[in-house]
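K.L.:
Handing you this structure, nothing more for now.
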Amino acid sequence: MAGRPDPRTQEVMYPSSSPSSSDPHDPFSNSQAADHVYYDNDSDHNDYRPRDTYASDGSNHGYNDDGYYDNNGGYDPYGAGQPDTDSEVDVYGHKYAPSAESLGGPRVPTESSTPTFFDGGPPGSREAYPAWSSERQIPLSKEEIEDIFLDLTQKFGFQRESMRNMFDFVMQLLDSRASRMSPNQALLTLHADYIGGQHANYRKWYFAAQLDLDDAVGHSQNPGMQRLKSVKRRGGPKNAHEKSLHSALDRWRQAMNNMSQYDRMRQIALYLLLWGEAAQVRFVPECLCFIFKCADDYYRSPECQNRVDGVPEGLYLRTVVKPLYLFIRDQGYEVVDGKFVRKEKDHEDIIGYDDVNQLFWYPEGIARIVLNDKTRLVDLSPSQRFMQLHRVDWNRAFFKTYYEKRSFGHLIVNFNRIWVIHIAMYWFYTAYNSPAVYNGASSTALRWSATALGGAVATGIMICATLAEFSYIPTTWNNTSHLTRRLLFLLVTLALTAGPTFYIAIAETNSPGGSLALILGIVQFFISVVATLLFAILPSGRMFGDRVAGKSRKYLANQTFTASYPSLKPSARVASILLWVLVFGCKFVESYFFLTQGFRNPVQVMARMRIQACNDKFFGNGLCRYQAAFTLTIMYLMDLVLYFLDTFLWWIIWNTTFSIGRSFALGLSIWTPWKDIYTRLPKRIYAKLLATADMEVKYKPKVLVSQIWNAIIISMYREHLLSIDHVQKLLYHQVDTGGPDPRRSLRAPPFFISQSDKGFKGEFFPPGSEAERRISFFAQSLTTAIPEPLPVDAMPTFTVLTPHYSEKILLSLREIIREEDQNTRVTLLEYLKQLHSVEWENFVKDTKILAEESEMYNGPSPFGADEKGQSKADDLPFYCIGFKSAAPEFTLRTRIWASLRAQTLYRTVSGMMNYAKAIKLLYRVENPEVVQLFGGNTDKLERELERMARRKFKFVVSMQRYSKFSREEQENAEFLLRAYPDLQIAYLEEEPPRKEGGDPRLFSALIDGHSEFIPETGRRRPKFRIELPGNPILGDGKSDNQNHAIIFYRGEYLQLVDANQDNYLEECLKIRNVLGEFDEYAVSSQSPYAQWGHKDFKKPPVAIVGAREYIFSENIGILGDLAAGKEQTFGTLAARSLSWIGGKLHYGHPDFVNALYMTTRGGVSKAQKGLHLNEDIYAGMNAFGRGGLIKHTEYYQCGKGRDLGFGTILNFQTKIGTGMGEQMLSREYYYLGTQLPIDRFLTFYYGHPGFQLNNMMVILSVQIFVLTMVFLGTLNSQLTICKYTQSGQFIGTNGCYNLVPVFQWIDRCIISIFLVFMIAFLPLFLQELVERGTGKALIRLAKHFGSASPAFEVFSTQISSHSIATNLTFGGARYIATGRGFATARNSFCILFSRFAGPSIYLGMRTLVMLLYVTLTLFTGWVTYFWVSILSLCIAPFLFNPHQFSFADFIIDYREFLRWMNRGNSRTHKNSWIGYCRLSRTMITGYKKKKLGHPSEKLSGDVPRAGWRAVIFSQVIFPTIIAILFVIAYMFVKAFPDRNGNQPPSPLIRIAIVSLGPIVWNAAVLLVLFIFSLLLGPMLNSSVPKFGSGMAFIAHSLGVIGMIAFFEFLWFLELWDVSHAVLGLIAIIHVQRAIHKILIAVFLSREFKHDETNLAWWTGKWYGRGLGNHAISQPAREFLVKIIELSLWSSDFLIGHILLIILTPPILIPYVDRLHSMLLFWLRPSKQIRAPLYSLKQKRQRRWIVIKYGVVYILSILMFGALIAVPLVFRETLHFECTICQSI
């Protein structure tokens, strides 16, 4: 059939059993003829077939061609041609063992078919889903819905367990919606949200992938691009509307409007059943849409309707989900002996979730899906596709749609506008201001033209970006055309902006002053300005082929899924633009006057400076003449970096200003009239927290408020925050009024009165306590505007979801009262008692009362007269450990007390369970009639309240490892379930494979405290147990963990909470207000599909509502406070302004998400291993790109623990840094960076990646600055500098060099860098100022500076920038389990050294040597600031190490350091220098693929070997360039006669000898020792076990001696001139570094996993090591390795000693340990942690070690000192005759 028959003229008979009528629901027929009979399911047309056959033609998408479904005989569900992969069919045929409450047969009475639990009363006394009950005109009864589910399950082969789970899910969802609107409307809006509405992902996908055309054309034998053409070709007047998207949308709306409620329910059910078993496919939402489309089409085909027998259970999982799961799994893993082994592939080779998903975005992608027999899926008719899905060859369909290559190119592509704005503007500024460089002073035309080259620079950046973009995007149908177009346009622009300069330069030299040249220059300048503005403002995705707002259908998918940014309110958009105008306005003005103008004079002086009278043996005066020019180049770079840093400075200032202004506007600040806050609190509770609008006022507001307030106070008392007497002053009391008619009345607590009455003073809570903070935040938060609450029974249902891996559930007694190891010095309980002394006292009082009560029942009365003195002693155990009798009920209380103050899961669960309490409380207070109804029967009342709480709130903890828990963890989890029976635990259960060699089967299971025990196993029987296609943990764990449990959430919203958070009753009371932020309370009563109704549903849905976090580890010493402060500024201050101007993303917790919105768009986090390391932020970017709003609430906060130790904080920094590196590679950044409008792009950039890149810039600025100073130092030390008086009179000698402006410039630069570091403290200070008042802010700031927190800032900046840089070059992002312990443990020197040497200590040391040179040659007062910050790079880890400066420990550290350096050479040792060295090397070399030796090492997660490009740049080119720079500097210094007047011989040869000398010496030593060990080793090994270590020791000693000797030799050659020797040393260090890096990168093959070659080398025993044939080739490689290792060993040995020497002076101060602890922990000396107790034997041992190694240490210091001091003191008298030395 060529043309499609018009439905108005021809009635098409369906071959199905439905009533014959033309199809009124066909979305593509434009017939709205009135004569169609429309069966509404509420009308009672009994002529309709029974519902079970589902013959309703509800939403046939236009399959109205005759003979469309030709039934080719019976359909074989298994595809007989293909043997079943898993097992025989009959295995799947039999039913699973029914679990706790199974649906049993096809029809069971309602009571048992839904999981409901009643503790008493007849079963079913209350309905399970009260809002969906028969008295409410529901469109479908519960039984009918259940029939739908049963039918679908039989037709598609879903698992029955999954069906039960999804049935409960749907009913809870309908119950939740129907409780605040009519049931009809509830079902309608639900269908609109899932399938057909304005914001339904399915509808968006349907049009984006152009399936409307596929369905409209009918026979789709012309998919892909031809399909579009075919529509155009056949177009006549009749079909014109088919092209237009608008009419297609209209027809879609009509079709949806005409569907019966029954069909709507069926579609929802089908979607959810598909989703519920989809496992990893849930991460690919559009793929799920495609499966749904196929399933829906198949369902409505007669072939499905006419089937009688059901298909076996589990068919869908096996034929549809499992192939996709296997494809995704095999991308990253191979399975070896049932264990998953990571493949060595980086992201660019892995087809990840996003690539899979994007295949379904475009018709061309869907056309790629082919079956095994090479036919395309689209060539089948739509109704047949579903049953063919199991034959699809997925490997041929999927391809990479975006290459996440590791390179810095992503920064250019994603943030090209940032570079354009900065670099081009910098060029305009500096080119105009440095005419001396290009002779612009004499020629105006040249000056215009040179300045205009800024446009060419901008165009150049854009060209680089476009070229880089080519390499990240596959050259397929939908991408490259616009890139090529853009590239051509850019080349033209480049010609326009750069071309005239050549002409002008030539013309001006020949005949200066021509008017043509001038006109050309001016025109060129204006073209450049326009080009720069264009490139800076337009997103590159919108240039030449608009992919963001273009009308072409080709880009529709890209717009729908990556660029549908939610629009801002006009006021917010104005604020956003204003903010950026202010930031850049201030920046451009300040940069011009401060940076550029200040740079003008140095340029003028330096540009023309040529150095006279210098000479070099090889280069003559070719190099040294231009030293000033080299220096100037580096200065330009320096200025550019400062130019970048400036912007960030202004962004922080203005963002903070806006945020604080915003907080005043919201009424959040302490400066709002403060005393009223408490006085008005009761009124506010009544008005804002209670749903008072619908209540009949039977009671005084006071009565209601008093119940709420008393509940809050009592909950604090129960948490031991308040003592009894405080509670008395805070509660509402009933009092007798007295007088003629005595009646009881409520007296408000003195607390409220005292606030307004000045005369009344009293202490209501312990000062500075948790209780005070909580009450004041509660009072303060209620001053803001918050959404109206709904009555409890109308509020939506929500779920709290917590992923749990192996975090502590409850602390064991052992962990609380025993020290973990020697280094902690304190038990956890002691530590907690110090931190929470008030709470401990309250706890002890409580416990004593309890103990006395229990004694009253069994034992003598404690109230004797003479027991006063004795009772004091009796109470000691209470005060020490909180219990006296070891009965479990007492010890458990102490464990719980401690667990609630550490970061445990118990704390999280008990905090979040306050929601249930809050809901019960609100229900009871707002519905007094309920209380009356049950009279005095408190049990029944409690049950009714429980029922409400259980209906509205669920709590799921996803305990991935539950079935593998140890006994202790098992008991703790069981304790949680007993304490909170409504807690649900989702976990993974494993079953052995059905037949040998198969994969084990995994199930998602759910239990709660009501599940009964299975007698055989002693485990609880799961309520639901759903089979998974395979092991679900394919990524970094957390997101997979969330994903497997997400099918068990209930209701409309999810709160995502981490296992280290907390919540409080008074915050939980606000839950209805927070859920109101989703703007779904007041739903329009229109149908979303009606003619005009859909207009009400236009505004963008709210996807995520963020909340504040309070860091409860705040005042625990400097590090905890810093971590808290960072979170406070970022999570609160920045989030407030960002969410206002539309730039906030999702940072995880404790955010609420719109569950329906997120689950239809790929879940609440992304899960590709490595790439999605910070999984939460991707959910935010995903929601944002797809059109969801992200809000931030100021009035609600959760508690959160942050890491407290130095190491853990830095692990967290590293995780954030590497995660940011991975984000740079991700496609989300690409979409946001290239498609957002400029103001929102800037907000996104400076709010997220810009912060981390700024850290990199800061570190870079320090390095470049020191480099600049070294170069200026060479000039300053060798040349005569002109001198001027104060007034500017010249007093120097003639022939001098004028460097005065340059020195002024240096001072300016240092001030800028100083400011950039200090600005980091501004937001925190202002935040404190606003929220807590001036005093507290100043105290906190003083505490920070007193505790050397700037040193920590510098260090953490370096750590985060290092982790980004290494991540972008080498990869290796892993989820670092950030420890959550307390920071009382002392780490030993070698552990800290090995952890931080690579990231920071080496850099610090190199820079220190350069600073030494700078200090020797050009000292200004400002340089001391640099000494402080560079020193902190080296010693911060030790400075923040508890008890670092206790003398005995220090010496023991030294012993440990020496042992660490030397061990691991005769047998493998896991903690040794050699292990550390090999580990840091493998990043570049990678491990051997062919596994030899120990099989166990196969399982450790390998980092893929870095790509050669990355290695070439970072390991070869950069180090070489730096080495060359320093060699040039050294050669310049040596180009002048020395102080004896002799011209030095060639400095190059000198450098070569001294830098290559040690390497040659090492090689010689090693060769001799190698021969030695080969001959002697095999004989001596058995008799002398330490033979290997002995050889290594000799080699290492000789290596160190060689290194020192060569330095002394250099110094001697320099005639003991300190500054020259230091400069030589700098050059040598960098040359050697470059040589090592090149050797490692270029000449080393891959590393063995094991340490055998190292041992073989020293022991000489090469055989029997499992090396196989490698035993022949390895010695040569090992020789090369050993040469490098010897140099590295010597330098590490020296660096270690230098560090120890730097750390020695503080040890000599008396009581330094006490002082240090005071600064670290902020505890008074009296409160401080005692020194550890040692046994006598240990004491003797330690004393002996300290004496022995103390002597060694002092000797080594003296040695060092002598080597440096002797030449310095005797340099006049030390002269050696040495003829050969004269020639070097």
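Using N, Cα and C of the backbone, Cβ positions are placed for all residues, glycine too.
What TrEMBL says about a protein is an automatic prediction, not a curated fact.
Sharing the record's features from TrEMBL:
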COMPBIAS  15-31  compositional bias 'Low complexity'
COMPBIAS  37-54  compositional bias 'Basic and acidic residues'
COMPBIAS  57-81  compositional bias 'Low complexity'
DOMAIN    262-374  domain '1,3-beta-glucan synthase component FKS1-like'
REGION    1-125  region 'Disordered'
TRANSMEM  408-429  transmembrane segment
TRANSMEM  449-475  transmembrane segment
TRANSMEM  487-506  transmembrane segment
TRANSMEM  518-538  transmembrane segment
TRANSMEM  626-645  transmembrane segment
TRANSMEM  1305-1326  transmembrane segment
TRANSMEM  1396-1416  transmembrane segment
TRANSMEM  1422-1440  transmembrane segment
TRANSMEM  1510-1533  transmembrane segment
TRANSMEM  1553-1580  transmembrane segment
TRANSMEM  1592-1613  transmembrane segment
TRANSMEM  1693-1712  transmembrane segment
K.L.:
State the residues, same chain only, that lie 6 or more residues beyond the ends of the transmembrane segment (1396-1416) and have a CB under 8 A from a CB inside it; answer 'none' if no residue qualifies.
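P.N.:
Sequence-remote neighbours of the transmembrane segment (1396-1416) are 1210, 1214, 1262-1263, 1266-1267, 1269-1270, 1273, 1277, 1355, 1358-1359, 1362-1363, 1423, 1426-1427, 1430-1431, 1433-1434, 1436-1437, 1480, 1618-1619, 1622-1623, 1625-1626, 1629-1630, 1633, 1692, 1695, 1698-1699.
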K.L.:
If you run through the domain '1,3-beta-glucan synthase component FKS1-like' (262-374) with DSSP, how many residues end up as helix, strand and coil?
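P.N.:
Computed counts for the domain '1,3-beta-glucan synthase component FKS1-like' (262-374) are 72 helix, 10 strand, 31 coil.
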K.L.:
Can you give me the average pLDDT across the domain '1,3-beta-glucan synthase component FKS1-like' (262-374), rounded to a whole number?
P.N.:
91
K.L.:
Count, for each of 449-475, 626-645, 1693-1712, the Cβ pairs lying under 8 Å from the transmembrane segment (1510-1533), and report the range with the highest count.
P.N.:
626-645
K.L.:
Same-chain Cβ contacts of the transmembrane segment (518-538) under 8 Å, 6 or more residues past its ends?
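P.N.:
Hits for the transmembrane segment (518-538): 416-417, 420-421, 424-425, 428, 444-449, 451-456, 458-459, 461-462, 493, 496-497, 500-501, 503-504, 1238.
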K.L.:
With pairs fewer than 6 apart in sequence excluded, do the transmembrane segment (449-475) and the transmembrane segment (487-506) have three or more C-beta pairs that lie under 8 Å?
P.N.:
yes
K.L.:
At a Cβ cut-off of 8 Å, and with pairs 6 or more apart in sequence only, do we get at least 3 pairs between the transmembrane segment (408-429) and the transmembrane segment (626-645), yes or no?
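P.N.:
Touching, yes - the transmembrane segment (408-429) and the transmembrane segment (626-645) meet the threshold of 3 or more Cβ pairs under 8 Å.
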